[in-house]
Amino acid sequence: MTQLVASQNQTMVIEFLFSVFPPLYEGGLLFFILLILVYAFIISGNLVIFVAVQLDMALHTPMYFFISVLSFLEIWYTTTTIPKMLSSLVSEKKTISLGGCLMQMYFFHSLGITEGCVLTAMSIDRYIAICYPLRYPTIMTSKLCIQLTAGSCFCGFLLVLPEIAWIATLPFCGSNKIHQIFCDFTPVLSLACTDTSLVVIVDAIHAVEILASFLVIALSYIRIIVVILGMPSAEGRHKAFSTCAAHLAVFLLFFGSVAVMYLRFSATYSVFWDTVIAVTFVILAPFLNPIIYSLRNKEMKDAIGRLFHQKRDVRAQK
């Protein structure tokens, strides 16, 4: 049952209710089974990629370092939302506390921004590798890769903090129904019983963040494509295109869904389309990333194969 506290003739909300999840025996169980299978694949797939990159010397390059960082982030990115979705699908109490909601928003958006920054770093890495191959080893050093990763984490976990701190000061009263599959800024702010016009400034800041990353990545890949098309060797063009295709697919999937969700300003969607867009970047993109990076990448497939062969050899020796 929803918890409310009476204060100064107003009913203050201290719990939010997720209204989009169906009851257990009206589709909830089916969605639970599908989602837990998807979540298990996301965790295991990204974990295998992360471990393979760490253990296989052939993958100790800047490109695979960033892929392993992205896989590590995906594990935690999905863990901020999917376990709560699973519990909401099978539980009669489809609620989350105010504090839990704020924590979910903070870590979800922090990890999301960090991923966006890492994808930007990956595009810069591919740009230097293809456009300046002779200088690549001296520019993309291990130290620079670590610095770019640390900077991505710093930006991600710092930029969201002021907004979360502001939301934590807002009073919530009246309706407590969140028409979304997780706690997000717009659905939560719509429940505040005070002026939230400041959100326009916050939206503008988010727009600048998204557009800046999008612009850097788009310009990098435009330049990369121009250079690839100018390569004399057909084999060289094919190898360069296949390497960048996976990165480009992840970039379009991630930034495309994020842009539709967060670059709309005053535009509104129905609850159904809001949910579909959210599922795309909360569940679908993390699900497809391990497939894109493993199935379309021979070096990664070989490394994963060696990893499982080593495990079988160790077991055989025992």
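Just so you know, glycine gets a Cβ as well, placed from its N, Cα and C.
These features come from TrEMBL:
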- 29-52: transmembrane segment (TRANSMEM)
- 45-293: domain 'G-protein coupled receptors family 1 profile' (DOMAIN)
- 64-86: transmembrane segment (TRANSMEM)
- 106-124: transmembrane segment (TRANSMEM)
- 144-168: transmembrane segment (TRANSMEM)
- 210-232: transmembrane segment (TRANSMEM)
- 244-265: transmembrane segment (TRANSMEM)
- 271-292: transmembrane segment (TRANSMEM)
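Fewer than three CB pairs closer than 8 A are found between the transmembrane segment (106-124) and the transmembrane segment (29-52), and contact between the two stretches is not assigned (pairs 6 or more residues apart).
Remote same-chain residues near the transmembrane segment (144-168) are listed as 62, 65-66, 69, 102, 105-106, 109-118, 120-121, 124-125, 185, 188-189, 192, 198, 202, 205, 209 (criterion: CB distance under 8 Å, separation of at least six residues from the stretch ends). For the transmembrane segment (64-86), the list of distant contacts is 21, 32, 35-36, 39, 42-43, 46-47, 49-50, 53-54, 96, 104, 107-108, 111-112, 114-115, 118-119, 121-122, 125, 142, 145, 149, 181-182, 250, 282-283, 286, 289-290, 293, 299-300: same-chain residues at least six beyond its ends, Cβ to Cβ under 8 Å. Outside the transmembrane segment (29-52), and at least 6 residues removed from its termini, the chain residues within Cβ reach (under 8 Å) are 21-22, 59, 67-68, 71-72, 74-75, 78-79, 82-83, 85-86, 89-90, 283, 286-287, 289-291, 293-294, 300, 303-304, 307.
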